[in-house]
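Notes follow the structure.
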Amino acid sequence: MAGASVKVAVRVRPFNARETSQDAKCVVSMQGNTTSIINPKQSRMFLKASFDYSYWSHTSVEDPQFASQQQVYRDIGEEMLLHAFEGYNVCIFAYGQTGAGKSYTMMGRQEPGQQGIVPQLCEDLFSRVNVNQSAQLSYSVEVSYMEIYCERVRDLLNPKSRGSLRVREHPILGPYVQDLSKLAVTSYADIADLMDCGNKARTVAATNMNETSSRSHAVFTIVFTQRSHDQLTGLDSEKVSKISLVNLAGSERADSSGARGMRLKEGANINKSLTTLGKVISALADLQSKKRKSDFIPYRDSVLTWLLKENLGGNSRTAMIAALSPADINYEETLSTLRYADRTKQIRCNAVINEDPNARLIRELQEEVARLRELLMAQGLSASALGGLKVEEGSPGGVLPAASSPPAPASPSSPPPHNGELEPSFSPSAEPQIGPEEAMERLQETEKIIAELNETWEEKLRKTEALRMEREALLAEMGSPGGWRTVGVFSPKKTPHLVNLNEDPLMSECLLYHIKDGVTRVGQVDVDIKLTGQFIREQHCLFRSIPQPDGEVMVTLEPCEGAETYVNGKLVTEPLVLKSGNRIVMGKNHVFRFNHPEQARLERERGVPPPPGPPSEPVDWNFAQKDWLEQQGIDIKLEMEKRLQDLENQYRKEKEEADLLLEQQRLYADSDSGEDSDKRSCEESWRLISSLRDELPPNTVQTIVKRCGLPSSGKRRAPRRVYQIPQRRRLQGKDPRWATMADLKMQAVKEICYEVALADFRHGRAEIEALAALKMRELCRTYGKPEGPGDAWRAVARDVWDTVGEEEGCGGGGGGGEEGARGAEVEDLRAHIDKLTGILQEVKLQNSSKDRELQALRDRMLRMERVIPLTQDLEDDNEESGLVTWAPPEGSEAVEEAVSNDHSPAVRPSSPPQSSWERVSRLMEEDPAFRRGRLRWLKQEQLRLQGLQGSGGRGGGLRRPPARFVPPHDCKLRFPFKSNPQHRESWPGMGSGEAPGPQPPEEVTAPPPPPNRRPPSPRRPHRPRRNSLDGGSRSRGGGSTQPEPQHLRPQKHNSYPQQPQPYPAQRPGPRYPPYTTPPRMRRQRSAPDLKESGAAV
């Protein structure tokens, strides 16, 4: 039995009254064990899955394919009960949306033929026990009943239990509930009574605390023990089986159920439990399919999964029943349930027989002896010869131990068996150090467990009887006479009474309150019928039962002052005569139906017509609530419209705030043409859409988003004509290096929802699936993550579909289509996507290789430019010496050296820079644009010179000249590098291709050069760029005939004083290499030379 898969069955129920009133259509079909569901909006799209059992209960009993309660039990219940007798742990749990039929399948009704799996299994259990019981074989049965509500555990069989119980995990026993009552039973009647008592306690607690039973998980556990005596060895062995019958809470959405406030919080806790259960099932399925690298299973994330740890993927034989609604209005919930069940099929449980290890060893040896005997007899050995082996087998050296020498009991150090196997013993030194308080608590808990294990069967029966008496006293105190024998099963034939109504059919009509002759008081203190709750007063109301002369008993309801009491939805302030079938609401949560059997019989005999109203609708909790809302003047439709309007106004307000924030961020970051604005818009849109989706269904979300629009930064978006290779995305609030697959899935969901919303929700399911596959592959490659499981994109597409839904009216008809049409279309689309993705990857690789080549060439060019000026500068340093000055002082000896190195006959005269300083000062004062540009340029030059001085100080005597300036890509030239004629002459200029660096000093008395010739400059640190205006033969071949203006002398300034002042001389030391002018300055400086040349010509 080890390694068996979980049994999965699906069952579809008939239409209920709400679905019938809305003219719902059936979208679920079954053929054999295959179940199919069709999308009501796109009939060609359907889901088909195969399960172990598919039960069609949508029609009536006359249908030959109809699955009754007995058939469901024969297929699932009998098999699980057989495993329990074999010694395995067993679990059956039902899952589905609210109202899908889980409680009916598990519990059923009291009518014959309507009982569910739990009553039938319990009845069949005791039937087999009575048949198989003998002197060598005995049985014992213990039961417990608990409820998990909002992650709190309550004991439903112990009236003294107050509050929630604590869930703990023992290293040997596994997870268990501390102080949970475990009651001994001897017959099916005892179990039925305990289940009724548990349902009553559940109903009372739910009504008093304003809870809904469909929002709580109920776990009914049966501990079945088999004790056998082996006559051969004289040993007693036990096999213990735990049967867990779980009725999960209904899975529902806040928008479909209208949950708000506390109901929404309850739903969040239920969704937490069910979501954790789904995570556990997915993790176990991935573990079986070898898709999961880690063995961690999140059992402890919720109380439900923690308690079901052994039943899910552990030591248990498990079966799941998925309850389905056939209506098209519940398509999304039904589809989710089917996917849930399909994942559960992949789980495999390793179940073992729970028995003593010695007994197991003896059993295995006996089976071996029997097999060898059959083998010897098959070979022709007589039975008389085999009989002589018994003495040898009983000897110490034989196969079986002798009866006179039973095996020694296990030592205290060896722990009891767990799941049929011995756990390794833990030495005290291996255990972690614990504090004294924890040690004392653990000691008390261990002593309590030992006391429960050593408790005799008679003591357990006495404990069960004591708890039964306490429950009877509690029910009598509440005003429910008749005890536990009649409540919820029998109703009085003549006495008027009240029957409770509840949203859950399992908890409805299980509490009965008699109205005695005379006065029956209702309230919280000193009353006959005790109710508790926020809106129940100490003296709430009273019932007067007065016999009439004709024998009829008339019951009158008299409310107390200030107490809220409603009859058929109307507030009662004066005494009112009750009729059989009236709906009574006391406070806000206690709903009852008044039954008067004798009055109803007399009316039928008199032929009194029934009261007006729909005769087919039963008088249940929904009918009472609807009646109460209508009489109170509360129109549900108007309330929903008002709520939608409020949500729309809130969305508009948040959108305006998001628009303002995005506009501020765009202006601050100055990224109108980048993609940062789109990223921020995507995040804000996802925030608003997800918050709106938590409150409303997808179609309503689409309507509001279409009407109000999406958040935008004001940037005009150009339509994308071709697919663009995406840039690297930034995950919000997380380092991309630590991004997980869940983060990538969430990012893909955000981007796809944003694109779908931008396209006015025109995407169909196939397009969303294609986008999901492309986005996931794209994100995985971008962040260097493995693509992981092949169905990761399916989860993304499902989340997108659940968030944005489908456009209203799209996906029209077209009939049923062929069975594999959708699959073929998806495969073709996926192949096309793979092809496009491959092309994009090749283009990306080519672009990256070209970028690498360009970068290598750029680095090589920069290295060459650094080497060439350094060689020329070294030659100049060997020839020149002296101080480097920025302004040419008089009487400098370096002039002669400069003249000797120059091939020109004369040296250029030096002119005082007074005119240049005056012009610069005038422009600085008059032209603000010139002032800003010059200050910006000077700041850059100061930073450059500081860097040169710092590197020169560290490098010693020689220093490499700065490399040629390479402007960044797509960088616009800013002022002062503009072709403005009035600014050109203000910049200190120099000869063609000469850098404005430090020059050797010149004599003032040197003769001027000839006017018709410009001497060539022997010192050029580098060759100008070919595209510059001062480079090439045009500036060097045809020299200018005009003498060089005085304001074109090289000049450097650190400040802008009002009067021109020469720069002080530098400190003596290693001279600096000539300064290399950026290309932009040379292009601007060449313009005056061109003008002079043109004027001369």
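In case you wondered, yes, glycine gets a Cβ from its N, Cα and C as well.
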In Swiss-Prot, the member of SER161, SER216, SER671 to which phosphoserine is assigned: SER671
Position flagged as phosphoserine [Swiss-Prot], chosen from SER673, SER712, SER916, SER979: SER673
Annotated coiled coil segment (source Swiss-Prot; candidates 128-150, 174-196, 358-380): 358-380
Per Swiss-Prot record, range annotated region 'Disordered' [choices 797-821, 872-896, 897-921]: 897-921
The domain 'FHA' (520-587): DSSP-derived helix, strand, coil residue counts: 0 helix, 33 strand, 35 coil
